[in-house]
Amino acid sequence: MTAVAPRVDGHVAPQRPEPTGHARKGSKAWLMMTTTDHKQLGIMYIIMSFSFFFLGGLMALLIRAELFTPGLQFLSNEQFNQLFTMHGTVMLLLYGTPIVWGFANYVLPLQIGAPDVAFPRLNAFGFWITTVGGVAMLAGFLTPGGAADFGWTMYSPLSDSIHSPGIGSDMWIIGVGATGIGSVASAINMLTTILCLRAPGMTMFRMPVFTWNIFVTSVLALLIFPLLLAAALGVLYDRKLGGHIYDPANGGSILWQHLFWFFGHPEVYVLALPFFGIISEIIPVFSRKPMFGYIGLVFATLSIGALSMAVWAHHMFVTGAVLLPFFSFMTFLISVPTGVKFFNWVGTMWKGHITWETPMIWAVGFMSTFLFGGLTGIMLASPPLDFHLSDSYFLIAHFHYTLFGTVVFASCAGVYFWFPKMTGRMMDERLGKIHFWLTFVGFHGTFMVQHWLGNMGMPRRYADYLDSDGFTTLNQISTIFSFLLGLSVIPFVWNVFKSWRYGELVTVDDPWGYGNSLEWATSCPPPRHNFTSLPRIRSERPAFELHYPHMIERMRREAHVGEHDLRAETTQSPTPAEVR
């Protein structure tokens, strides 16, 4: 890897891009608060998300410390309840979801050749309302009764005013609604940008895989976040006005579970699909090959999006109120398109010239971790096994293998991959690999043993256990490795700060040398409206064709460009140079 990629066409490497137009005046803080630039907002989303991630991780360390040994009890039961409630909320709604929009904001307009997103002010509104919602939820810790303590799933009757009377619970519900509004705003923006602002020649089946994944994610977000907002307002109505919507006497507890999980399981794919897209961008670059099975990968993404709306009730097997065969079958079925994605990723790496830069290491770490989480998910799709393992630490381990394995590993891969594009500087490879191995070892040491804890019968959300239960040794192993996992953020944060200021300067469009999509056809960082000129888009690899024009004919001979692109080539109007 070099920050100055080799060129074969006599091209002179450009210097850092000069600012275009007049610089805006005012303090940096004011400019940040009033910006509508999608690139700045994307970076702000990513910084905000990782800030909440660090807070959520601190809560997790307190939870693990409490469980180190029986009878420790340095936290009260009430404090423990508040911590696991806020930990789950922060990680899902304040880290996992906003960082999706962070990468989408920065990368997606570049990948489709757009000068900005469709609605810049709506974009800024989505960011700030999400941030305010997150602060409101966390401010519950400062109220007399403390933060929300009914679990991040907000099950009734735990969430009613009798069992959770504090104002912190009300602030949590309002914060959830605010983050939902922010996600809807971002989803509208991304959909409109993709449908209306693609560059000439950028057909739907020439879009990068990451853009396709954001497209499907945005559709899912528009379907589920309004439901979450309406359902959460119903809880607030019950608490403040005595609505009895979720009163257990009226079947309200089961109603809430249906409403919540109809949001909750597609939300898992809102968190997963964009990061599948990030991995699909990274693997071809460091395998030195085009994506194997591009069309199949796109249709696998569409299939996952469709099937994700039909599996919510597998979270409710133990209620006895759902049709077990249907939801079990649909859960097994959704693993098929996910398996197709793995087949395509492995096929892309197969016989490629793989180089192990930091983004590629994180991508392979994602694949191994998520694969294990997916296999345990197949186990839980079987109702008899689910009856035994439900609400145990086996479920906690599965959930973290799928979501931590997806969101954290792939978001770190994305940061290392696109950091040169965002800042014009390279990150430190040695620190990046230290960060990876601390995270990989710490994560697997923390959560692997929790499968056995769950199978032995340890329930989730318990603040203590008996020495005679036999859980002590495995809990101590899990806690020790959790602190190793916590330490992994230190080299990451230092790497970001150091590289932002002192990293190796990038003077070419594509510092990795083999980028495929359009973001690698503009400077690092890009100018205000992204491009000073656009290359001709003749396939799903326009940047690669720009940098390696002598490879175009060979790629067509080897069928690395689909038939739809060849047909489009024959029907395109000739350029002025071709006419002359």
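Just so you know, glycine gets a Cβ as well, placed from its N, Cα and C.
What Swiss-Prot says about this one:
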REGION    1-25  region 'Disordered'
TRANSMEM  43-63  transmembrane segment
BINDING   H87, H400  Fe(II)-heme a binding site
TRANSMEM  90-110  transmembrane segment
TRANSMEM  122-142  transmembrane segment
TRANSMEM  171-191  transmembrane segment
TRANSMEM  214-234  transmembrane segment
TRANSMEM  259-279  transmembrane segment
BINDING   H265, Y269, H314, H315  Cu cation binding site
TRANSMEM  292-312  transmembrane segment
TRANSMEM  316-336  transmembrane segment
TRANSMEM  360-380  transmembrane segment
BINDING   H398  heme a3 binding site
TRANSMEM  399-419  transmembrane segment
TRANSMEM  434-454  transmembrane segment
TRANSMEM  477-497  transmembrane segment
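The structure, with features from Swiss-Prot marked on it.
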residue	record	DSSP (3 states)
H87	Fe(II)-heme a binding site	helix
H265	Cu cation binding site	helix
H314	Cu cation binding site	helix
H398	heme a3 binding site	helix
Inset, instruction - Spell out yes or no: are there three or more C-beta pairs under 8 angstroms between the transmembrane segment (259-279) and the transmembrane segment (171-191), with each pair 6 or more apart in sequence? - result: no
Inset, instruction - Please check if the transmembrane segment (122-142) comes into contact with the transmembrane segment (316-336), where contact means 3 or more CB pairs closer than 8 Å and the residues in each pair are separated by 6 or more positions. - result: no
Inset, instruction - Determine, to the nearest whole angstrom, how far the Cα atom of H265 (Cu cation binding site) is from the Cα atom of H87 (Fe(II)-heme a binding site). - result: 18
Inset, instruction - Around the Cβ of H265 (Cu cation binding site), how many other Cβ atoms lie within 10 Å? Please give the count over every shown protein chain. - result: 21
Inset, instruction - Go through the chain and flag residues at least 6 beyond the ends of the transmembrane segment (477-497) whose CB is under 8 A from any CB in it; none is fine as an answer. - result: 54, 57-58, 60-61, 64-65, 67-68, 412, 415, 419, 427-428, 431-432, 434-435, 438-439, 441-447, 449-450, 453
Inset, instruction - Under 8 Å Cβ to Cβ from H398 (heme a3 binding site), same chain, six or more residues apart: give me those in sequence order, or none if nothing qualifies. - result: G373, T376, G377, L380, H451
Legend entry - Proximal but sequence-remote residues of the same chain as H314 (Cu cation binding site) (Cβ under 8 Å, at least 6 apart): H265, F327, S328, M330, T331, L380, A381, D386
Inset, instruction - List the same-chain residues at least 6 positions away in sequence whose Cβ sits under 8 Å from the Cβ of H400 (Fe(II)-heme a binding site), in sequence order, or say none. - result: G373, F443, T446, F447, Q450
Inset, instruction - Across all the protein chains here, work out how many other Cβ atoms are within 10 Å of the Cβ of H315 (Cu cation binding site). - result: 22
Legend entry - Those binding-site residues listed as H87, Y269, and which of them has the most Cβ atoms within 10 Å of its own Cβ: Y269
Legend entry - H87 (Fe(II)-heme a binding site) to Y269 (Cu cation binding site) - Cα separation in whole Å: 20
Inset, instruction - For the transmembrane segment (434-454), name the stretch out of 171-191, 316-336, 399-419 with the most CB-CB pairs under 8 Å. - result: 399-419
Legend entry - Contacting positions for the transmembrane segment (90-110) when only residues 6+ beyond its ends and CB under 8 Å are counted: 38-39, 41-46, 48-50, 52-53, 55-56, 59, 116-117, 123, 126-127, 130, 134, 137-138, 152, 176, 179, 182-183, 186, 190, 193-194, 197, 210-211, 214, 217, 267, 270-271, 274-275, 278, 403, 407, 411, 414, 418, 421-422, 517-519, 522, 526, 530
Inset, instruction - Note the Cβ centroid of H265, Y269, H314, H315, the recorded Cu cation site, then list each other residue of that chain whose Cβ lies within 8 Å of it, in sequence. - result: W261, G264, P266, V268, S308, V311, W312, T331
Legend entry - Long-range neighbours of the transmembrane segment (399-419), counting only residues six or more past its ends (CB under 8 A): 46, 49, 53, 91-92, 95-96, 99, 103, 106-107, 268, 271-272, 275-276, 278-279, 281-282, 285, 357-359, 362-363, 365-366, 369-370, 372-374, 376-377, 425-427, 432, 435-436, 439, 443, 446-447, 450, 492, 496, 499, 512, 519
